[in-house]
């Protein structure tokens, strides 16, 4: 069977291959043409690097409480962004906090993306009653504001890095499922798929060889747009006292700990918040650019 | 199109306007309590962290409820605001007839807000309300030993208990508030829970859930006319909001100031700090139920030596707190001085090695709530830093309060945890609820000590009883049952010209306050 | 059309009931709240007795059946803490939340629509570019942090506005601004692109060429035609607004449903949590329902799908 690939399929493969070769070069040449995309990309790369090597580049131990030096304002005694209520270096804590944000953004996108994609494929490809049931579940999940859903789930299952990822994924997979399902539905109608069906290629083969590869673009676009949402959602929930629990430094819980000092020590709430804004900005800019580049049809939506 | 836009804007303005007057705002002009300085001030606004659960008495054990409704209802026996000693209120006298019988003499001539007389029937009714299962009072567990309340005469009641129950006086003081039977029976508990009637210094005016509770002076109050005529408890959960409301003159005082904000308030015009060493104690529990090194008395002793309580008090709490050395606070009626372990890291290392542990290899867990007690999670992280100095690694885990409590009650805690207890006036309630096998709050248990506790609790003779608790205190220190930390300091931000002495029992009795 | 409405409405009911089911089981699996409400010295047997009284020791499925049976009649049980009707408590907080959400929505619209229109009209000028940059940054600012910053400036530094509590117009300012910010950014961006779409259309170009003044053109045709997608977006964004309101209410101590829900989650007052979930899901589903119906009314082909 595999030896007798239909001709138009062969042709399609040939058309796709040369494109892949220069993918990285195309990526950067496209990127250099958009300053917003470039800024986003730089922010994201910086963030990833910081989260990887963060623990070796912090000027102070982010966990060490030196009480005699508590609440020092920025730029004193070597503390670039000052110290917090326990005398811990805020700059070091922000650096280490980047890891939490990156882990949560990526892990949630991965888990939610994977679950959502599988469910979207099943619903879109097999249709019928399974589609109806799955989409009803999607409707239920969407019947709740995202942040509230995650908050309620996290409050119930308890704080912690793992639990917040679970809560975010539970709230987040639906959007993938919905988008992927409609992509699959659209793909099913495409000529080369109907041709495959006509020539008797098995459904499984069609799925793996022709549908799944075509889903990568929408998945990547969607994931990159969702990561910012996840990072902000985690910060909000940690800020409310659920989410990531101290002493693990996360930007959200740093703000939570700092909010009682708002009248005396402005730096406690300023810098972790700025870190969140810059991160979300970077992710959004890059996501927008990615969408515009990979899928011009969606532009401006 | 233009017309449409004009309409749209008109509608918008209307909506906003309607929004602003709807529901809450009408009665709540800030000028009425903030800006009329010329007129002699006789109203008070208290910034309070949470709404009352209900306004009916004897139902919700939460302190936020009790603090507010104690201005509406009176108790039979009160505490002195500074010493914590029992003083008569609606009951003029109380005595033991025998081990199972108590007799209370009541005050005459006291009237409820609705004009009904206070008498023995209202006392019986209030206690029966707690005991009646149908009411689902959360106090009932504490009153389970009470068998019957008998009305002897309009001014005399007799309380029968099923077992000798020396804590009854404490229960009457801390739990029981007197309701008007006729009123509750007439309107039903649902209405009585929203429009309370008591004998207290203040009458109910209005209650807007999660928003405010307004009271007015009871001019015929049996202890005299209250100086402050109008009281409002305004519910503002966030500290930053309370603080800005205070600085903006919207509220006249509030409680629970983070120690690091004290300076800010002191620097404000027309503001002062009220401080009192409260009857709530904070401690580091050493869990002997957890299968780990803390089952060894030497390890527990080592931790007592390794934790520098003075440093924690000074550097984290800025000195606001009273150091404890044993199981009871100075304010406790049975307090005796016990040995202070003091800070001695070398001794700690020595003891650990004696117990067969290498400090460098030892890792312990420490759970703490966040924001329940003054600087609790910071204190936990401070303790972790101190133990690190002798090489012991500590994993600090910060829990949301509900989870923290649940972990304690289900005995799911690891090695150590931070907890508070209060009010700790009475030796029995503290020692029995902390150091017995059935009580999870210190997670310390020792067979011999348990036996001694049970023995002492049943003693009726005052002197023998005192002796028993004194011995227990020494034993518990000897066993290193916990690492005692401090008596909490309650900090209030108060308007300069308000006369208000913070009470040791956390109550806010507006009757005791006045403007200068 | 009627068919569509009925079908869609039925869906709303199913969705709300399923949401309740999920939260019910999540809550019950997470443990029971009895111990938080009893005094700390309550002995074990008393705790058990309360569990029995509150029905927490029955089989889960029985509890569920009982709960649903009463819930569909609007009875979510009594608040564990105050023993009042849970749904009633939640409903009494609705006006405050609506007050906040609606004023934020209106402020967002009042700012965003003219801004978006102007931005599109002055396309590619400095004004437009700054506007677009601001909307991008605006969407990256988490509302709770914006709230803190506003508190810092207006309440802590300048001391001209209260940072929360109460219910007067002055107390409403900061929370409203906080909640509106994100929507301003989103609506401006959307209005701009919707306007650009319309401005590109042939009939606008023709009119422009034939000398109709541009401003009149925008007011008369372009804005009107882009209003429908804008309204749809607004309706769909109400959910985001409701979610944001919860956090804003907590930051500013605003006495609405969100603060109640947060407190009840912390206190484990589960009947209130369930009633709150019910109300929020219901409002959200109804808003989406209305948005869908409106949308279907405008675009008849949707109905077929």
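Sequential numbering from 1, following the chain as shown.
Even glycines carry a Cβ here, placed using N, Cα and C.
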Quick test of your reading of TrEMBL: among C:73-95, C:96-118, where does it put transmembrane segment?
C:96-118
To which of the residue ranges C:53-71, C:167-185, C:186-204 does TrEMBL assign the term transmembrane segment?
C:167-185
Mind pulling out the one from C:12-31, C:96-118, C:226-252 with the most Cβ pairs under 8 angstroms to the transmembrane segment (C:272-298)?
C:12-31
Other than its close neighbours in sequence, what residues sit by the transmembrane segment (C:226-252), given a CB gap under 8 Å and a spacing of at least six beyond its ends?
96-97, 100-101, 104-105, 109, 113, 143-144, 147-148, 151, 163-165, 171, 174-175, 178-179, 182-183, 186-187, 190-191, 194-195, 197-198, 258-259, 261-262, 280, 283-284, 287-288, 290-291, 294-295, 298
